[in-house]
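Trainee: Per TrEMBL, the features are:
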TRANSMEM  7-25  transmembrane segment
DOMAIN    13-208  domain 'Cation efflux protein transmembrane'
TRANSMEM  80-105  transmembrane segment
TRANSMEM  111-130  transmembrane segment
TRANSMEM  178-201  transmembrane segment
DOMAIN    216-294  domain 'Cation efflux protein cytoplasmic'
Amino acid sequence: MRNNKQQIIIATWIGIIVNGLLTVMKGIGGVLAGSKALIADAFHSASDIVSSIVVLLGVKIANKPPDEEHPYGHGKAENIASNIVALLLIVVGIELSISSIKVLFGERPPAPAGLALVILLISIIIKEILFRYKYYVGTKYRSAALISDAWHHRSDSLSSIAALFGVGASMIGEHFNLSYLIYGDALAGIVVAVIVIKVGYQLAKEASIVMLEKVLKKEEAEEYRNTVRNIKGIEQIDQLYARTHGSYVVIDIKVGVNQHLSIKAGHDIAKNLKHTLMKEHTEVADVLVHLNPHKK
């Protein structure tokens, strides 16, 4: 568990540092190149920094040990953090759409300089690498908050791609005096805004499902059943529920054991069952075992 936390924190800090550099680069580049799309993209990158800080706080709280008020730990703090990130995405998407619509109904905007294209290309490559890295770490260590943060990078990458097409269209329109292409930047901004809002909604939906302690599907929990079947003294599995609790899993299981066993022997089997599941599956934080008498 401790190693999981360290890997998540390292991935998050890498995101914060890279996003800080991208925000400065996009902001200065947007002003120098005269690109509203690039300046807006800089704010999007800045929102990534905020979301990463939220993830750090969520992971820190989620890894607090259980206490009297929270006997199952604080794992759901990550999902609360994930919901906050999702809300940030939705807000950013709405703001991007409003600013893009204003450009459509305003005066003819000047075409940005070629510097904007170079910065956007660099941003797209870096953001895609960040997305893949954070998504891998988040999936490996079952961190909902880090996965949400990864998708925030993907949405930023998509917004940069749309901005790239928009800036390119504006430059072509300016060069060939094609007025309808001049507004390509604004139209691309609206498309990006819709993508960002959709990603935010999907993340909020997934985080909310976990908050309600979703029970894993039978095929998803099959690995736990296979482990239990190989434990000495277990005659059969009567019932197994594996439910998500933030970044980890809590298992409720009923198993059949020899009805003639002593209380101590039954206790030893239950203790071994719990120990084995938690040892072989690091995401399992607790196992609640109920023993049923089994007739051979």
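Just so it is clear, glycine is given a Cβ too, placed from its N, Cα and C backbone atoms.
TrEMBL annotations: computationally assigned, not manually curated.
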Trainee: For the transmembrane segment (7-25), name the stretch out of 80-105, 111-130, 178-201 with the most CB-CB pairs under 8 Å.
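Mentor: Per the Cβ count, the answer is 111-130.
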Trainee: Averaged over the whole of the domain 'Cation efflux protein cytoplasmic' (216-294), what is the pLDDT?
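Mentor: It averages 89.
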Trainee: By DSSP, how many residues in the domain 'Cation efflux protein cytoplasmic' (216-294) are helix, how many strand, and how many coil?
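Mentor: Split by secondary structure, the domain 'Cation efflux protein cytoplasmic' (216-294) comes out as 26 helix, 32 strand, 21 coil.
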